[in-house]
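So the structure is just underneath, and the comments pick up after that.
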């Protein structure tokens, strides 16, 4: 193109002035022309095309939009505070450009008109330049911006490059060809032109990237606000905005406040709001939200690869120039050295930018997915009581084919995720997606690199280069086989990990219970079994990865072998230079080839992760009526219907809908409601193997049928009925938490609608097993509503919480542990009740709050609360068994039976019709109530007086301690500071066995030696040609750098060994030696030995991988077991104060790190250090002078690296710690989801989550930013080091041959430092996990389980002893040294076979006393002696396995009912059935049929289950209703985790059956009958009376009727024994506490009668009269 006007010279020959002028005019002008085209209106078709191209590049969320969403404003209001453009800037930019334009215009005009130049084209060039400058002068005036103008930046850069080239060419011509310099005036003009351009560039580089809006305080930027958005363009290019953080982190330990917040464009809330508006599949939504970042990452990767390959290219040019030695070539070499430096700097910049975009996309994707999973959990149906169907199905025989099909599908993602799995989705799967996005550039880059290297190879070896590629084609099927296997293994591993987390979840949740029964060993084994399965999958995965590395380490060696073989066979001569160069090219190809299969596996695994998340996101949701998140302000028709109730409703528990073929399994595990949050009366049902016609009639799962209920507004309604009749289910149906089969629910939640009484149209709910959050008592009661002191105090009084708060040292700021562990059962129930009452809601649903409190408190609750002002005008629906207590205040009553409404109506109407008598109402209650009232006046005053005394006493003690900060029950999570301690390294090295590491070190040294041998052999080979090649080393050297740079990327020892080039061997005389044959005659001999060396290196590599894997697995096994044992055997107190999430975090994330990445990191550090030393030695030997610059560079490196290490370590530790609350809160939410939805509090929980995600993400993201900063600085330093060495070499101090070596060894030196630094940090971060695990290895442990020297005799404790069986002497108990004693000076003696009741108001120490007998708290002083043995002298396992404790909240475990009754298989099926029958879980007929069927055949497939054919549903059947009337229970009944598919009453019956089976001499019952209706309760009492005759029975009771016929009663008050005597003596004792209780209960006469007859011994076997 330039030929026509530049006298035949080439258009790219920049030595010609004419060519330079042409380009300097055309380039800027062309750019400006393109810019102007943008202002021309485009045709519609083109416009459409352009918008399609532009769409993926548009910003997903702008800064303004993000700030607006974050503050919930309209984007318009957040516009930047009127972006002011400083006047001076506009003036400078315009003035310089205008000056340039005028000067060039002048020169052009002069040339044209003075006729200096004959060619008008060349004369007009300055005018073109003037045109581009004119554009540059207009832009700042017409379109002033406060942020950098990109068009001007590019234009200035073009001018700058053109100017530099022109000036450089003039100087070059002057130096080389002695061309005289131009006229001084012209020369000065050229320099002035450049100075002007530099000024413009500096002005633009100082402009900020964005202007803070009104929302942002200027002074916060760089403190709490991230400077990332507002830094200058220069700060952005150099990544300098990260420096303040690193500076702070270098010298002090960082805390959360020291790290600035994320940019609003990356904060969870704005992104999630925007993300949730997208439609389509999950993958498409992730793409839509991150397309710009991913595309820019893609483009940056290509730029980086191009720059990377320029390095070796220029290097070769330099070496050729040195060899040539002429003056012209030497001058060129200087230019090449500068260009090589520039290409490396550009590569560093491209890297840092594309990695930033990739990391931003990853960060956003992770937050989007975590928030989406959480938001889904708030909306999805509650599936917590589901049973593992696979277990239930396991019994039937299946054909081989079916089994195979099932096996293939078995690990596919399934719906109905349980808590463990959902937490895994959040922790593991969302992270995996993010990691893939941030590492995508490997995938883009690899094919491109292979193409480049192949072209070079073709130039060297011709077609024979591709002969080697046949190996790759042959290996591909094998590769895809391994890849497919990897996916199958990954699925299996994930499923196994989910199962293990499920077991741990259950174990940690019920650890208290497991301790009661001394079952720790069995549970540790159960967890270890699950872990063993996981480890088996891990072993498979490791074997697979070894096969992978084997394939890909041998492939390159075989490739080069075959290529050389072909080359020689074609008769060509394989010279050293060809061999060397092609070897290094094969080496270059190896890494991308390695990466492709590894990333294929990554991609496929991520696909599984996305599928799992998507399966979860597509699960069934509750209706808009229920979820406040789904409701958008519009009123639906149901909102307008007034009233609260159900019309023609039939409901079932939520279950996962199976495909039609599975419909036949429908009877399998039916689904129940919210976690521990409302226990469902739904029975677990299994398909009976009975004749088909019965089966058809018998597909009995629990359903609520034909419900028609309308509750009267503003009144109290009761729901009652026997255990498991569907009372809780009715509440759940009202809340919309059951699947509606027909009919509709009348319920509207609209908190913004407020009625005349100031009540919101919404619901508050108190579940049967109270769900409390891990906060203070006050925060639990307020539940996010504003604090109103007067109302709050009223609520505290009405819920009888005042005395409890006075006992608690920190009052209502006492922190409750997760699930409310630090409170007694009654306190938990009342706090949950207070929460429901405090909210100003129109509808209040209360699920049996009275059963957990004593009779005295329940009367108080009725008087003060249910009849009090707080619940006036509110529709209250109360589930209760205490009908006679609350009936006087009730307006409406519903009686449930078998999931149907048995009776319902207004109380007065039912009384008239005489139906109330059946509903357990006794006319005596009336007179009893009067009786109670007559004494009431006195007792209430008295009680108030007692409380008053207490207050006075309290005030006296509290005066001083008024402002004491409440003690935190739960300590903040511990965070290590400073470097990782050596002891941590030692723990890990020891766990993985010192041998492993000794062998590894030897292998690393061997691998370095192999590297050297390879080079030496090639030297011999070269010499064997017998002709001294000019300089054989150069061609090799040109590529060695690139391969080292590239190979090290994969942290794998194999890729290290090429980098060790022991160059010194390559110098020396080139003479055939050692009597080796001539290479021309025997080329294959040399190729063969070369191959042997290569394969040897590969073998060493594989050996080291295998060693490392065995070590890692050993460590995983050991550390997991130690951690598990430490946690299970930790004291109860520790479990009370440690949130579950924190333990689970150790078991999931930290153990996973130990399992997966840790050993690799250690290995990588070892290899990179070996590399570093090798390169240092090389440099010292060859080029001692380099040690000077190297030591300076080394110091700078050290300074940067220390800053990075210290900051990165703190950030990663904070990231791990800030992750725990997300999962702890998430587990908590899933348990209480019904409560959260009932209160319409979902949005608040979601906002809390956004805050938690942002906290952990800001640590993670800041860590990666410091990493990018280090990368950029190291790369530029490395480029500088290479530049220095190149200039050294050019100065003529060293010979041409050595020059190449110097340069490559300098490159090696810098890369090895960088990787050593990176890997070291990675290692420290992984060790952070070991640190966290080790921290849990020395938890406070319980006393030893068994003390061998002191084991009690087999018969101990024996009922036949004559002395006292339990004797308590001066017992003082504190929960921890700094707390006040809970029991002080308690002494009493209990005789064998005695029945003793423990009474006292809530919090008086009843449960503590019961627990101390099991040694959950060791006495501070005093002792407990059981049957002659002081219990503190024997092991806790021996003690607890001989005493049976039945706790308040009976916990069941997943598995069959039989596993739950008898986990160690110590009893026969008959015995198990027998106890089920005795606790009334089986009716007589069911018991008989199951017993006979079990005797007839023990085949597991037969579950002889029959159903009582008649269901007595007459009103009179109140007492005779059998529990199992609607659902059949057998020993094979599957139980879901936590037993949530049984009602609470049934769970307690199972716990009772367990106790019966154990037949201990001492039985402690803790309020065990609190959730059972009176009819069943009476039967149970009868059972206890008959069955536990041989045992000493100690009952902690709330119902007086339970213990009134016991032998003796202990009444506790404030931790001391107040009364201890027979019931009859106590009930007659004037002013006695027990007498008061009886008087307040409303059934005094009857209680007195029973006590009296007991005392007179007339009771006999008569049961307590039903009341």
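Yeah, the Cβs are placed from backbone N, Cα and C, and that goes for glycine too.
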Of 3-21, 22-40, the range TrEMBL tags as transmembrane segment is 22-40
For the annotation region 'Disordered' in TrEMBL, which listed range does it cover: 658-689, 690-721, 722-753?
658-689
Looking at 1120-1145, 1146-1171, 1172-1197, which stretch does TrEMBL describe as transmembrane segment?
1172-1197
Range annotated region 'Disordered' in TrEMBL (choices 1432-1460, 1461-1489, 1490-1518) is 1490-1518
Quick test of your reading of TrEMBL: among 153-172, 213-232, where does it put transmembrane segment?
153-172
With pairs fewer than 6 apart in sequence excluded, do the transmembrane segment (1269-1290) and the transmembrane segment (184-205) have three or more C-beta pairs that lie under 8 Å?
no
In the same chain, which residue numbers or ranges, 6 or more beyond the ends of the transmembrane segment (22-40), come under 8 angstroms Cβ to Cβ?
2, 5-6, 11, 122, 125-126, 128-129, 131-133, 135, 151, 154-155, 158-159, 162-163, 165-166
Per-region confidence, the domain 'ABC transporter' (1366-1639) (mean pLDDT, whole number)
78
At a C-beta cut-off of under 8 Å, are there same-chain residues at least 6 beyond the transmembrane segment (1269-1290) that contact it? List them, or none.
238-239, 242-243, 246, 318, 322, 330, 333-334, 337-338, 340-341, 344-345, 347-349, 351-352, 355, 1183, 1185-1186, 1189-1190, 1193, 1196-1197, 1200-1201, 1204, 1298-1300, 1302-1303, 1306-1307, 1309-1311, 1313-1314, 1317-1318
Below 8 angstroms Cβ to Cβ, which residues of this chain, lying six or more residues outside the transmembrane segment (1084-1106), approach it?
545-546, 549-550, 553-554, 557, 560-561, 564-565, 568, 574, 1000, 1003-1004, 1006-1007, 1010-1011, 1013-1014, 1017-1018, 1020-1021, 1024, 1052-1054, 1057, 1077, 1163
